[in-house]
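I have placed the structure first, in the form of structure tokens, so that the comments after it can refer back to it.
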């Protein structure tokens, strides 16, 4: 037969599916099993296009032939055709691809029983395409007109033909999993090729661009040239120049190597992020979760605005779509969501913001619209990695930049002084030859090289990379590296309840109807086993119908051969409800499949479009599904927040299934029961239904009834009949109370932001430790929401009412609600729970906390401290916010650190977040705070070490320059010290693991200088000790130790024992001080935990060995004598070891000084606060 691309094949009745168990293309020796005919026939029963898919399947089956090339011919369309459809995005493009894909001639094979049937189906398909063309010519039709509805039905049929015939998939069963690899070969993969890594040689070239390194290369080369060309060649000069060049080469190779390793680390992180991007597809009739990169053409993709919102590939929407609206701003720039209907192309990179739907994938990877854009970006040389390796606007980087500039200026001044002093004293006073200028210049530039903190950026990179890698193992997947250090400054964590504080293992534990109240107190028995015995069958039937119909397709239970639940997938709350239906002895799938307007299989599947889904939204806190009834009209089934739903019920289901009018007494019983459940920490859902006429407008809004967010309610979700409420228990994670206790000890406030009712929120908060006894009114014995102090718990409505105000236009306002920061500042110090909140409330909370300057109001802070025992952090609040929903994305962006849930979070939330919680666990947030503080501490340790070396090395060089016109530490030796303190020390100190003690002090104040007073004491104390030791050895050493003065020996062109001893002692003082620098708070045991850091121990050992080798065997190249005696080694090690007891002396002096000052300041602050409160009280009385 002839297909549209001109390929001629012979039919043999086989279906083009790969044999199971192999990935190789089918061959003649390996028969291909029958595949799609029966499935498609069942799905399309009763339709005049019923067997078209089967006909085409049979007629092109033999095009499989042998090998992959012939397998491609089995598809009547190509990836280029599909890519054109996604690019054009109109009905004409859909018609064109159908015209090409439907065979122009179908020759019925002899082994087909009814040849005329195939001709009829072919004609029907052609008729469909013809009618679509006519609709294009006549349209557009008036909105909601019969003509538009008929045209939409034909488009829906056309999309089914595209799916079943051209893409050989099925809206109900999807593709055969065995075809996945072949579809990738034919239509491409959804993975975009990664940006190539920069070569090692390119990184070396970038490293050598450093100004100081360039100067050292020039001076090293000049030194070698001068040494070689002099009439009396200086072997030591030649060796030293060569050593300088070798050291520069070592620094370049080390820097490039670390950058090269960093690229691999970022690539590994990028791949880890991609693995969190998953979608639900249908394959072989089952819902399967796959990563975005594994989606293939023909996959049936399920999306909804709650959990599976982002689109990974170009798709065509299938019917029915439940009020699906897409945010296409990332591609089009248009901010308003676009409503989609069956037949519309849905582009990759867009997001569902309302409703739900199923769609068939038509273009993946570089053939999709967003894939082409990404490919062009990757081709650009200026492409910036999506993973930030730092942020110049981060407080930490701002501080480090300032420190680096200050050190650089100081180093430049010291180098200039050293050069000037050497020239003046050497040339003008002592009459040294002009050729000595080169030596003076080399020493000066080496001093500058030592002073410039080249290791600081390296230390930052290493600390962030090391921490982010280890944080991933602790279930924190870091997207933006600067978020690590920001988390160390966090003062407030705004957390969700469900799945973060709780285990997200929902179980239905209580059921209330107007006739029965059943609570499953024994965890060994399910609620369903109680319900079957005590609740009337009529009530159970209607409840099971509501649950089965009004839950998403993605929520499923998998049963074993005995009918027991083996596993589950989907929304945890809906899983708990389906488990209840199962335990009641009912089959939710059977109920769905036998409900017209809800079923997607069999003959009823044709009427799925008749159903109307009002998807869940946080604004309504409800979800509804309307299905047609036999008598005409609809019955709408609704579930959602109990307090919202029950207030809209005018009737209820009574005994024997009788419908009765709702009375205040019955409504009060519902409310009291819900309150009792909530006090036990349960989450309550109400269930109701209503009967609607056939011509009901599902877009109609109620003029009087409002949603929780203040918007108008759907008229369909009013005047309902209450069936009952179910209490769902989600136990608190066992590790949460300790984690929250750690937060409070660490000076981090924890606030719960939840959509649950106030009573459930208060119960869980008290169990978790967010609420403590002093948050409740005095004399309270029952820890419930009604007994909390003012503003400790607020609902979203109360919160918005208090923090927003409307100023009329005639008074200079906008006439719209505007945020009132002053009103917010009166509330937030007390606020611990925001219940019945919306995502917009989260955004408001993050904004208000971030902008608050309450800390600057001394009177207000003193009053809060005195009257309410509330301490305000003395700087701007740093907010960490958790979120899982699409609508949480703005709040996650607005917070200083956004945490998205890795398990339950939507892709949009993950995209907006800085860190992804892989286990959705609050305790992991506390771990992130500890790592953040550890980064800050690691950099402080490195700074303390580096600046100590800077001070002592520069002072030593200056003393030498003034005394002998040259430093006792040669240029090559200073470069070794530079390498030691920059690269190796940054590796050692940046890899220190965090300790729990980091969470025993308040957060870092953003306005504080990074170098604390204690650090200054440590640095100046250690530097003073080192300078004294070096000066004594320099001027008194020859006499004390009976050795020749170094300046005299080296003036004769020889290497001196004197200067070698000074060099060795200087380095060992740095090595022992490196151990001191592991501790920043004056700890007695500086060796504590050192063995837990294998890298630190390894680097300390390696540098010690290298130092010994340099001293003993370095010779002229490293400007040392032929080794040191045992006596001189003992002196070097003892003086180096002296850094350890010196540190303890510094600690004692500092602690004594600080304690006396602290007592004085505390007394002064107490007197000031008391005076401010008294003055404020007097002013208040005076005003009255």
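Easy rule for this one: first residue shown is 1, then count along the chain.
In case you wondered, yes, glycine gets a Cβ from its N, Cα and C as well.
Automatic prediction, not curation, is the source of TrEMBL annotations.
Transmembrane segment is the annotation TrEMBL gives to one range among 192-210, 211-229, 268-286, and that range is 211-229.
Looking up the ranges 995-1015, 1016-1036 in TrEMBL, the one annotated as transmembrane segment turns out to be 1016-1036. Looking at 363-388, 441-466, 467-492, 493-518, the range annotated in TrEMBL as transmembrane segment turns out to be 441-466. Feature annotation (TrEMBL): of 1-30, 31-60, the stretch labelled region 'Disordered' is 1-30.
Checking the ranges 1056-1072, 1158-1174 against TrEMBL, the transmembrane segment annotation falls on 1056-1072. Residue counts for the domain 'Cation-transporting P-type ATPase N-terminal' (158-228) under DSSP (helix as H, G, I; strand as E, B; rest coil) come to 46 helix, 2 strand, 23 coil. Spatially, the transmembrane segment (1056-1072) is adjacent to the transmembrane segment (1130-1154); three or more Cβ-Cβ distances between them are under 8 Å for residues at least 6 apart in sequence.
Residues 1013-1014, 1017-1018, 1021-1022, 1025-1026, 1029, 1041, 1061, 1064-1065, 1067-1069, 1071-1073, 1075-1076, 1082, 1084, 1086, 1124 of the same chain, all 6+ positions outside the transmembrane segment (1130-1154), place their C-beta atoms under 8 angstroms from a C-beta of that stretch. With a cut-off of 8 Å between Cβ atoms, the residues of this chain six or more beyond the transmembrane segment (1084-1110) that come close are 976, 980, 984-985, 987-989, 991-993, 995, 1064, 1067-1068, 1071, 1074-1076, 1078, 1118, 1120, 1140, 1143-1144, 1147. Same-chain neighbours of the transmembrane segment (407-429): 436-437, 440-441, 443-445, 447-448, 450-453, 947, 950, 954, 957-958, 961-962, 965-967, counting only residues six or more beyond its ends whose CB sits under 8 Å from a CB of the stretch.
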